[in-house]
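*Asks:* These came from TrEMBL, pasted as-is:
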type	residues	note
ACT_SITE	Glu167	active site, proton donor
ACT_SITE	Glu355	active site, nucleophile
BINDING	Gln21, His121, Asn166, Tyr299, Trp402, Glu409, Trp410	substrate binding site
Amino acid sequence: MIKLAKFPRDFVWGTATSSYQIEGAVNEDGRTPSIWDTFSKTEGKTYKGHTGDVACDHYHRYKEDVEILKEIGVKAYRFSIAWPRIFPEEGKYNPKGMDFYKKLIDELQKRDIVPAATIYHWDLPQWAYDKGGGWLNRESIKWYVEYATKLFEELGDAIPLWITHNEPWCSSILSYGIGEHAPGHKNYREALIAAHHILLSHGEAVKAFREMNIKGSKIGITLNLTPAYPASEKEEDKLAAQYADGFANRWFLDPIFKGNYPEDMMELYSKIIGEFDFIKEGDLETISVPIDFLGVNYYTRSIVKYDEDSMLKAENVPGPGKRTEMGWEISPESLYDLLKRLDREYTKLPMYITENGAAFKDEVTEDGRVHDDERIEYIKEHLKAAAKFIGEGGNLKGYFVWSLMDNFEWAHGYSKRFGIVYVDYTTQKRILKDSALWYKEVILDDGIED
Ligand SMILES: OC[C@H]1NNC[C@@H](O)[C@@H]1O
């Protein structure tokens, strides 16, 4: 068989999840509600009112799930830590909450699986939101640094890869501006304030991490990035793509890697939100403190045409490619373009694809299997794009499939399945889909064969 794409021997093959999406046990061992507990219980916010109350019951089944990770043969496992388990109230540390993660890490270490921990994957403690709107309150930075510092103290060098935030675009723009995610605000000025404080909290946590000098551990941030393409060669469509790129990507990449917000977007946004009075002296220096790696979450691209009436002067145009169950166009070549652009314009640091994957209509067939050929094809094509980038000298060090298992897909509830492991939510039975069996072979071969 010919090898389609070969990866380095030390390439980090992984899968990813997050606390609120898989753990359940929302009232156990001292955990208090997060904004997602509140949001998912608010009428009309999630598909059929689905919540993370039980999810995949991972809090009780973590040993079984780590055994599945071993069976698939992953080298690393990316999970997130639930802030409301660690600090159920402001300033009140909860050791029982930390114990769960110590047991999870212990199970991973016993199987030589590298833990990669995301500090914040959207489950802000409700108490933080109740104090001035959570990320709208500049005090959130202090609360976050206290939380992160406790994690560094208790888990420190047991976690070789620390990720400060997952997708700040989602925890700010989607959550405070568009309103699709918790806390469900629809105020663009608030969205930019939240984004600024989240980025500041990232920088302050990196500074705290450096002061603790944790041997063998690295720290970075994960951004969801969506390359934007003009619908035509018309200048106005190119301008639309520039704004769409600024909206999705540069508003976060520039402060982190260039120490400034993008001028064109500042100008565009100033017409909408007025003064940027929430940006204080020294903030951008903090946000742009050096990190060790960049996590890239990639799913799809956008194609836009000029639209005079829209805030961003851009209107999405459907692409020609096939779509996933999320309606996202499948565009592996755009992942290659994205990685090349990051390398060219932003950073030579190591990068990890910390999420890539797809939702498809998965069914358990007569044979008790899930023949998810579309997901295999999706992952294969994106791995080929990654291999091409590496082959050209790109500093890509790893790839984490989103997701290890089907889980709570936020506003879509359990209606969208991203896992390479199927979860029967009535029995909590796990079934390795064909994609998990295929991924196992890819990991064994460090490469893809057709
Ligand atoms: O939409 C799929 C995934 N995208 N990134 C963040 C995760 O929490 C989502 O489930």
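Glycine residues also receive a Cβ, built from the backbone N, Cα and C atoms like all the rest.
Set these features in their place in the structure for me.
*Replies:* Classification of Glu167 (active site, proton donor) by DSSP places it in coil, neither helical nor stranded. Sequence-distant neighbours of Glu167 (active site, proton donor) (same chain, 6+ residues apart, CB-CB distance under 8 A): Thr222, Leu223, Asn224, Asn297.
Look at Glu355 (active site, nucleophile): DSSP puts it in a strand.
Just so you know, the Cβ of Tyr299 (substrate binding site) picks up 24 other Cβ atoms within 10 Å once every protein chain is counted.
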*Asks:* At a 10 Å cut-off from the C-beta of Trp402 (substrate binding site), count the other C-beta atoms across all protein chains.
*Replies:* 23
*Asks:* For Trp402 (substrate binding site), which of the three DSSP-derived states applies: helix, strand, or coil?
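*Replies:* The three-state answer is strand.
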*Asks:* Measure between the Cα atoms of every pair in Gln21, His121, Asn166, Tyr299, Trp402, Glu409, Trp410, the residues the record assigns to substrate, and report the largest value in Å, rounded to a whole number.
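*Replies:* Max span of the substrate binding residues, Cα based, is 18 Å.
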*Asks:* Can you tell me whether DSSP puts Trp410 (substrate binding site) in helix, strand or coil?
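*Replies:* Reduced to three states, the DSSP call for Trp410 (substrate binding site) is helix.
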*Asks:* Tyr299 (substrate binding site) to Glu355 (active site, nucleophile): how many Å between their Cα atoms?
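*Replies:* If we compare the Cα positions of Tyr299 (substrate binding site) and Glu355 (active site, nucleophile), the gap is 8 Å.
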*Asks:* Is it possible to get the count of other C-beta atoms within 10 angstroms of the C-beta of His121 (substrate binding site)?
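*Replies:* His121 (substrate binding site) is surrounded by 26 other Cβ atoms within 10 Å.
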*Asks:* Is it possible to get the count of other C-beta atoms within 10 angstroms of the C-beta of Glu355 (active site, nucleophile)?
*Replies:* 24
*Asks:* Measure from the CA atom of Glu355 (active site, nucleophile) to the CA atom of Glu409 (substrate binding site) and give the result in Å, rounded to a whole number.
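*Replies:* Between the Cα atoms of Glu409 (substrate binding site) and Glu355 (active site, nucleophile), the distance comes to 14 Å.
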